[in-house]
Amino acid sequence: MKAIILAAGEGIRCRPLTFTRSKVMLPIANKPVIEYAVRALYDNGIVDIIIVVGYAKERIMNYFGNGKDFDLNIEYVEQKQQLGTAHAIDQVKDLVDDEFLVLNGDNLVSAKTITDLIKRHEGGISILTVASANTTEYAIVEETNTKVKRVVEGQKLKKVSNINTGIYILNPDIFGAIRETLQSNLGEFGITDSIQNMVDEGYNVHAYKTNHTWMDVAHSWDLLDVNARILEDVSRSVHGTIHGTTKGQVKVGSNSIIREGSYITGPVVIGKNCDIGANVVIAPSTSIGDNVTIEPFTYIRNSVIFDNVYIGSQSTIKNSIIAENNIIGSHFTTDTGKNLLIELGGNLYRADEFGTILGDSNIIGGNVSMMAGTLVGTECRIETGTVIRKQIPNHSLVMQ
Amino acid sequence: MCGIVGYLGGSSAAAQPVLFDLLKRLEYRGYDSAGIAVMNGSIQVLKTKGSVNNLMSETPILRGCCGIGHTRWATHGKPSSKNAHPHCCDTNKIAVVHNGIIENYIEIRDKLIDLGHKFRSETDTEVLPHLIEENYNNDLESSVRQALSMVRGSYALAAISSNDPDKIVVARKDSPLVLGLGETGFFIASDVSGILKYTKDVIFLNDRELAVISHNGIEITTLDGKKVDKKIETIKWNAESAEKSGYPHFMLKEIFEQPDVIRETFSGRMSAEGVDLEVVMPDARRIIITACGTSYHAGLFGRYVIERFARIPVNVEIASEFRYINPIVNSSDLVIGITQSGETADTLAAVREVNLEKSQKFGIVNVPGSSITRESQCLFTRAGPEIGVAATKSFTSQLAVLLLLAVQLGRARKEMSTADANDFVYDLKQMSGNIQRVLNEADNIKKCALVFADADQFLFMGRGANYPIALEGALKLKEISYIKAEGFPAGELKHGPLALIYDGVPVVAIATEGVTYEKMLGNIKEIKARGATVIGIANESDTKIEKYVDRVLRIPDSNPWISPVLSSVVLQLFAYYVADYKGCEIDKPRNLAKSVTVE
């Protein structure tokens, strides 16, 4: 069976991190989200994968190539305009002639999650669901004895807590239904509309529930929680040169150096070619990418640092996300707060707890402090001694 | 140029598809004609003008488990099916494929014609099968050996004979050849990337070595018949790297790989204390860099940075000229050959030339196991396989290595303080991220390129370390888009090239921050006054430039010795989008080939 991974969207709610990469390429324990889906498919014996790409496609294609490094055959199909999942799946109609599995590249899944669907599938169309308290942001699936009655988005139904994971087994019959959906709707439309049409016409559609991993990084700050949970399963493997102390589940890549007096408590992953210390403390649930330099006396906890970042000395970074190519001066401090209200595109969202989220390629002077819940865009310059709060748009210059 | 392949396996259906596949992978070495010969009792030959695809559409299925193949880049005789390899002797009992040049072929051919041989092509290669036939004495190996003793020139060749079935004899002198040992048989190719899909266990044949491949294994001797023990090497590259993975062209894929490539180039070579390269020869009194094409431009850049940081005089020489200027080289000189493939005939010859003078030497090369790596110590650029004929990631990785080399020489000679080296290494660490930021702006570069894509000539100008980048920008554009493009040092314009300026002619001016910035603005005014349309490449924080030029392409602010690398990525994308708009065959520009293995 072939698998289709949908990876064309930007993931607007994960801005500023998605200004320069799509949501599927956000790193979790130093691997992009989509890699977990790819490996889960591989573990289920699925080696022919088609990735539907669009927004920032180069990063995805560079990462997986044609799949040989992963023992897989990977093909790419471009969805030029992001017009919803039905349109995305429609892009592969010439490449499949049998049943195929569909999943979203931006959801974190395990191999067992996929197995739950494959094992129980009995022909027709199958949908994988999970129980969730949050039924408003996902489609809910109403079924009796696995037979699906309704798939609806943005509604509440009494006694229904099963939400759609976006993982399906479909067959070429779906393309007819997609054609009808495409003609009858304007703007974006989901594959759930097409499936609902098929249900209405009496097609054999079943839903099965999984209890295994299915996580969604809905907002940029959710990355911290998902990262922390995945780090729990990291096993210790230390390369590079370690002069400091590493305790517990710590992973350090080749050519990295951890200098004297540094103290790292796992779970922590550190990539290749990093230079850390002396006397840097890295506390649990932190991921640090490749080519990162951290100057002496800096403290980092529960944070995600992407590749090519420079962090000056005497800085404190907690519950924060720092994307690629940031250059941060000394004495950088992130405040952290709980129950934050964050405004994105005119809507208010509640975040449990986080500090700061920096997009790519900012240059930050010395002695800069960030209040809890700050979001900084990309390519900003923030001058020495400033205190930053709320949101800074891309290409801003912040002066004292 | 040209690529040769061969295969000996167990199944009688296997040879043809494997040969086709190997040829497809070597097509970048030449693509004006192609052919294969498969043995099945007698020798059957299939050849055609044009690409390997043309050959594959010729339907006959040749059965046989043993065969050879060739993809050609014409040197002697025009591209045609008649001149395509393999070539056979009069009785069609011997077939040969050959890469290289037989210098004394006219002499040999005339003798063979006197002896009654009939020639069917205009190629130098065709003398080989006839010569082998003439010297045939019941076994292919000794006949090839005998024939080669009469031949002058360069070759990598593979021969089969129906008198000696299921055996391939190969030999090399001054042209590359690799043997692969796979589960499904033995593989022969001009280039290791050809056989990586089948096996990672390979043997690199050295000059003046001959190998016999049969079902009993591989036996290697020198041309004089002495037995040679060869090591089987395991290649770490992946065949994956040799496919397009979603990109429309290899060139675009390779441009977008550059942030990763640069990190790989730097990996393990820098520390907070400075630079740590595998090969350095700090006591040289003078450095001579010799190279061709894009690598020559990298060499020119190397001159600016080495002279700046290490204060060693540097000469940069075009390799094909270097040999003929009677180079004055002595034992206190260091000669550096720069070549992507490690097979560039002119560069190899230039480096060999100075061998006689006992000067120090090393190579800067991308392809591990290539000829230059077996003759000199080498610094690897680690760009991975580059398939697009127009060099992109190999160029920027050469610049990166030269920057490292300059810093290390500067440190070793105490021309650069530890603190300065430390600062510079800090800046180098930002290079990969800054290249990524240039790539993030690809759409802007594309928009600008499309505005100018219909121009029929371009000028590129720069000063200082940006001058080699102007040359390289012009080379990229002309080689893939076929638009006339020349690069100049901006100060030279008024000594001639200014006459080329007329109303609206596009000029790309690299005006990034640095000591030459003010002077560049002056030069831009000169050409604007004469009607040129100027595309400026400038730093993102430059607020003045818009007043001087018509369009601006921005690069991130960076150390002025590193910004040329960023500008070159802008110009690669610019050339790519122009060529793509014009519908050119970007990965295989007309008349060009990737490894230039003829002088």
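Glycine is treated like the rest: Cβ placed from N, Cα and C.
TrEMBL annotations:
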ACT_SITE  B:Cys2  active site, nucleophile
ACT_SITE  B:Lys594  active site, for Fru-6P isomerization activity
DOMAIN    B:2-216  domain 'Glutamine amidotransferase type-2'
DOMAIN    B:277-415  domain 'SIS'
DOMAIN    B:448-589  domain 'SIS'
DSSP puts the residues of the domain 'SIS' (B:277-415) at 61 helix, 28 strand, 50 coil
By a three-class reduction of DSSP, B:Cys2 (active site, nucleophile) is assigned coil
What is the Cβ neighbour count of the residue listed as 'active site, nucleophile' at a 10 Å cut-off, with all protein chains included? 28
Taking all residues of the domain 'SIS' (B:277-415) together, what is their mean pLDDT? 89
With helix taken as DSSP H, G or I, strand as E or B and everything else coil, how many residues of the domain 'SIS' (B:448-589) land in each class? 66 helix, 29 strand, 47 coil
